[in-house]
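Record features (TrEMBL):
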{"type": "BINDING", "residues": "34, 51, 122, 123, 124, 139, 208, 209, 210, 236", "note": "iminosuccinate binding site"}
{"type": "BINDING", "residues": "96, 182, 281", "note": "[4Fe-4S] cluster binding site"}
Ligand code: 13P
Ligand code: SF4
């Protein structure tokens, strides 16, 4: 029987990291956290990273329990890849506005309009949508996945229109792209970027491909319209890597603000400025230390995927993991 948590811990967070560490060992659990998680959640995790890194960790873990500090589709992906493990999502309401923009029924109807087309679905989709897909992808490998498909094949890409446009630009391919967007990244506007860039003209610009401002920023950089040495479009983990390697010392970061904690921790001494302080994903912030502790104590809430759906979704995810990036 595991110890009952004192009420004061839940209220103040005091002692929670130690309690979580004890429970983690008792449960033989691994704690995986996305780069957008609250700082204190990132700090107690065994691994912090982007969707691709988290999927790889979930696929290869020896742990009996996976505590997923992220959003629902990420925990589902872990449950699909590790069906024998207990996958916990400390708050089941942690969803994703982008994943909600396409249902399996909508995808089936879209496929019926394009017989013979291959479907590439972003990892930000439900398990049912992945089960209807040929390939899964993340922001780290979307271009590599599309490049691995013969050029004469028609492609349906869903659900993020900005990532789709970015992949078309990078690969030189034309795809049918679903018109979904993430409300957080969609809310980072070109005007936000321009304002920060004018204040910090020497800063390098790091943009997540889900941002609607990507096209305009790339165009304005290449046309010399805005000062600034470099613009890099990449995943959250790609941003961390790029900032570590870049000669620049100041970066404007166009994605959810949770990444700033990770960057400041991994790369002390460099300066990271948010493109928009309002870029906060309320779903990611639903995961808190008291909920992580409660989840480990009770082994709930659990995320499971029906075996028939999981088997089909796994094909799309494993095809993705097999493509070298
Ligand atoms: P990354 O895979 O780049 O971390 O992105 C996940 C996500 O949800 C972005 O909003
Ligand atoms: Fe979904 Fe957007 Fe939140 Fe990422 S930031 S989890 S895409 S709602």
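Count begins at 1; order follows the chain as displayed.
Just so you know, glycine gets a Cβ as well, placed from its N, Cα and C.
Note that TrEMBL annotation is computational and uncurated.
Note that the coordinates shown come from a computational prediction; the quantities given were computed from them, not determined experimentally.
TrEMBL feature annotations superimposed on the structure.
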residue : record                        : Cβ neighbours (10 Å)
34      : iminosuccinate binding site   : 28
96      : [4Fe-4S] cluster binding site : 22
122     : iminosuccinate binding site   : 30
124     : iminosuccinate binding site   : 27
182     : [4Fe-4S] cluster binding site : 27
208     : iminosuccinate binding site   : 29
210     : iminosuccinate binding site   : 26
281     : [4Fe-4S] cluster binding site : 22
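Classification of residue 34 (iminosuccinate binding site) by DSSP places it within a strand. Comparing Cα positions, residue 208 (iminosuccinate binding site) lies closest to 182 out of the binding-site residues 96, 182, 281.
In the vicinity of ligand 2, defined as a Cβ distance under 6 Å, the following of the binding-site residues 34, 96, 124, 182, 208, 281 are placed: 96, 124, 182, 281.
Between residue 124 (iminosuccinate binding site) and residue 281 ([4Fe-4S] cluster binding site), the C-alpha separation comes to 14 Å. Excluding the listed site residues 96, 182, 281, the same chain places 71, 97, 98, 99, 124, 183, 184, 185, 256, 283, 284 with Cβ atoms within 8 Å of the centre of the [4Fe-4S] cluster site Cβ atoms. When the alpha carbons of residue 281 ([4Fe-4S] cluster binding site) and residue 34 (iminosuccinate binding site) are compared, the span between them is 12 angstrom. Taking the Cα atom of each, residue 122 (iminosuccinate binding site) and residue 182 ([4Fe-4S] cluster binding site) are about 12 angstrom apart.
With 34, 51, 122, 123, 124, 139, 208, 209, 210, 236 listed as the residues that bind iminosuccinate, the site has a largest C-alpha separation of 17 Å. For the recorded site, residue 122 (iminosuccinate binding site), the DSSP three-state label reads strand.
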